[in-house]
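As given in TrEMBL:
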DOMAIN    42-293  domain 'G-protein coupled receptors family 1 profile'
TRANSMEM  24-50  transmembrane segment
TRANSMEM  62-88  transmembrane segment
TRANSMEM  100-121  transmembrane segment
TRANSMEM  142-164  transmembrane segment
TRANSMEM  197-222  transmembrane segment
TRANSMEM  243-264  transmembrane segment
TRANSMEM  276-295  transmembrane segment
Amino acid sequence: WEFNGSFYQPSAFLMMGIPGLEALHPWISIPFCALYLTALLGNCVILFIIRKTPSLHEPMYYFLSMLAVTDLGLALCTLPTTLGLFWFNVRRIGFDACLTQMYFIHILSFIESSVLLAMAFDRFIAISHPLRHPSILTKTTVLKIGLAIVLRGMVSLLPIPFLLKRLTYCGKTELSHSFCFHPDIMNLACADIKVNVFYGMIILLSTVGMDFIFIVLSYILIIRTVVSLTTKEECLKALNTCVSHICAVLVFFIPMIGLSMIHRFGKNVPPLVNTLVAYTYLIIPPALNPVIYSIKSTHIREALLRALRRKRA
């Protein structure tokens, strides 16, 4: 502990694994390793395929590349502490290291939300205004959207570590997860956290909340356009281009909303439920997204098969 008058700050926090199953952590690490390996390899393959296939150099796949990079970042943020805990029972994480990990986890989560919104906008333009799509989403426009997404996440979350550093901590230093999460750290403070709660809620609603609303609105407009199409085949073909994106949106937003609700209102929720939702939120989307797009995207699948054939030849 660091002491300065009435100000107390822990030198480190203690991370938790899966409550009640500590003795099984080495065995539990096996599916976690499989998920992390899938996330790392799958997203790297997506990036490689898009880069090496000129026919995929279009907005839809540029945004998919951004999603893959974000998923790689999320997996790499939590991998060291999660596997370190499961394999070697390394529970301690320094205070500043914890704040750094928390900052990047939240930034990448916000970036993923914004990228999913950009992908929804791309699908809306492609289906509702197909002839104008190339002129609206040029390479320069896509690059500007990507930079805006990154800057939005970095700037909006920049005050969070400083708001946590100003707090006085006392008593418990055990986190609820094997990674650092803003509400989790905030609830360990014995000072007034109203500013943290208010700022965190405002940022969450104005970024991820607004992203989700605009994604839903985009699909309402897409459905209106699809319904107006003359033949059933055209309707199915248009909707089929959105299936992968809809799956990615559900996989990301459902556990994220659940985890946010648990941290803010679920005081009586069992710790095991809290832990499982947190792992689902941070580990499942990076592992599933490349699988979803590899299965549902014909262009990705065909490019992957061509690459495998060339390798065998």
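Quick reminder: no glycine exception, Cβ is built from N, Cα and C everywhere.
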Fill in: Region pair the transmembrane segment (243-264) / the transmembrane segment (100-121), three or more CB pairs under 8 Å
yes
Fill in: Arithmetic mean of per-residue pLDDT over the domain 'G-protein coupled receptors family 1 profile' (42-293)
91
Practice prompt. Could you tell me whether the transmembrane segment (142-164) and the transmembrane segment (276-295) are in contact, taking contact to mean 3+ Cβ pairs under 8 Å with a sequence separation of 6 or more?
Written response: no
